[in-house]
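Enquirer: Please find one structure pasted underneath; my questions will follow.
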Amino acid sequence: MCKNSQDIICSNAGTCHCGRCKCDNSDGNGLVYGKFCECDDRECIDDETEEICGGHGKCYCGNCYCDAGWHGDKCEFQCDITPWESKRRCTSPDGKICSNRGTCVCGECSCHDVDPTGDWGDIHGDTCECDERDCRAVYDRYSDDFCSGHGQCNCGRCDCKVGWYGKKCEHPRSCPLSAEESIKKCQGSSDLPCSGRGKCECGKCTCYPPGDRRVYGKTCECDDRRCEDLDGVVCGGHGTCSCGRCVCERGWFGKLCQHPRKCNMTEELSKSLCESADGTLCSGKGSCHCGKCICSAEEWYISGEFCDCDDRDCDKHDGLICTGNGICSCGNCECWDGWNGNACEIWLGTEYP
């Protein structure tokens, strides 16, 4: 009863009495503690100042959690960024600092590990937004019972295998179709089930995000979010969206109906507005119309105000740029509401229906 997960009695830092560990605190400071004496806060003492975490943080089970503006194993270093910038970098999508599951250290989140004696932490992510404990029916640090054994844990949410549903994939679902038949019906003409924008269950697609009418179709093939610019304006205000494509009003053209057919400026002025920093017209990868660059349609990946961006630089997931859940903006994914991650591959919105 006194052995830790490595079968070491009281972590070699105490003695066992009647099935309980008595930790070695001969100096009376109480720095060694824990059920198996696994925590030793003497590790937090700064060798130079002889203070816990250098006086700039708190110690938890041998690890320093530094105050704002300090970092290092013993909180011995000051940050080179302002506290405001540090806070901004640590703010999670829900507006909380490190999702209330970690400590912001110089612009980076140090996620709290629920069991310091275990392996890699259950809480992770750039802003500690992922908590794998949510995928377990009963939390047991040393169990791999994720999603009841019937799904995959993705940032604290269970993606259930075909035939199972529920928050922890705990409920079986009867379906007359085989797994292959179900996926085939959900694919349609796409390479991915539900066009990579939904969840396939028994041959039927549930599109993400739940309740968002902009994503629809039998196989979630229509995504009207593609008609919006970064400010959320549909088809530049000069057209209507039909299954993810803009139908422009008369006198306008472009992918987002952003270009007027008539131009009231001189050609010289127009070209001057299309010159990139090196003086090249539209970076040599497009044509100039009324002071705006129209990037080459043959090179689909070229974008940007001066056609100076390459959308292939954006992260991919399942073969899709930004996983189809965001807009590639000059090499970086701008995720739509509810999605997060470098490739917008993590769903953080409301529960799946």
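Cβ from N, Cα, C; glycine included.
Just so you know, TrEMBL annotations never went through curation; they're auto-generated.
TrEMBL lists these features:
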- 4-38: domain 'Integrin beta epidermal growth factor-like' (DOMAIN)
- 44-75: domain 'Epidermal growth factor-like' (DOMAIN)
- 144-169: domain 'Epidermal growth factor-like' (DOMAIN)
- 186-220: domain 'Epidermal growth factor-like' (DOMAIN)
- 227-257: domain 'Epidermal growth factor-like' (DOMAIN)
- 272-308: domain 'Integrin beta epidermal growth factor-like' (DOMAIN)
- 314-344: domain 'Epidermal growth factor-like' (DOMAIN)
Enquirer: Near the domain 'Integrin beta epidermal growth factor-like' (272-308), which residues from the same chain, at least 6 beyond its ends, have a CB less than 8 A from one of its CBs?
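Expert: Distal contacts: 254, 258-260, 263-265, 328, 330.
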Enquirer: Short question: which residues 6 or more past the ends of the domain 'Epidermal growth factor-like' (44-75) have a Cβ under 8 Å from it?
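Expert: Contacts with the domain 'Epidermal growth factor-like' (44-75): 34, 38, 83, 86-87, 103-106, 108, 110, 112, 116.
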Enquirer: Near the domain 'Epidermal growth factor-like' (144-169), which same-chain residues lie under 8 Å Cβ to Cβ, leaving out any that are not at least 6 residues past its ends?
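Expert: Those are 125, 129-138, 175, 179, 182-183, 199-202, 341, 346-348, 351-352, in sequence order.
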Enquirer: In the domain 'Epidermal growth factor-like' (186-220), how many residues does DSSP assign to helix, to strand and to coil?
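Expert: With helix first, then strand, then coil, the domain 'Epidermal growth factor-like' (186-220) has 6 helix, 10 strand, 19 coil.
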Enquirer: Under 8 Å between C-beta atoms and at least six residues away from its ends: which parts of the chain pack against the domain 'Epidermal growth factor-like' (314-344)?
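Expert: Distant Cβ neighbours of the domain 'Epidermal growth factor-like' (314-344) are 93, 129, 155, 191-192, 195-197, 208-209, 223, 225, 230, 303-304, 308, 350.
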Enquirer: If you run through the domain 'Integrin beta epidermal growth factor-like' (272-308) with DSSP, how many residues end up as helix, strand and coil?
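Expert: For the domain 'Integrin beta epidermal growth factor-like' (272-308), the helix, strand and coil counts are 6 helix, 12 strand, 19 coil.
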Enquirer: Over the domain 'Epidermal growth factor-like' (44-75), what does the predicted model average in pLDDT?
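Expert: Mean pLDDT across the domain 'Epidermal growth factor-like' (44-75) comes out at 84.
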